[in-house]
Amino acid sequence: GIPCGESCVFIPCTVTALLGCSCKDKVCYKN
């Protein structure tokens, strides 16, 4: 539920995905 500061509208989460973030509502979130 914490915004990771990366969007995933056109491309999936990249850098933040390595930190455990996933795409939700066009934004990368963690928990």
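Positions of Cβ are set from backbone N, Cα and C atoms, glycine also.
Not measured: the values here are computed from a predicted model.
Here Swiss-Prot annotates a disulfide bond for Cys8; of Cys21, Cys23, the partner residue is Cys23.
Within 10 Å of the C-beta of Cys28 (disulfide bond) there are 24 other C-beta atoms, taking all protein chains into account. The Cβ of Cys8 (disulfide bond) lies under 8 Å from the Cβ of Cys23, Lys26, Val27, Cys28, each of these being in the same chain and 6 or more residues away along the sequence.
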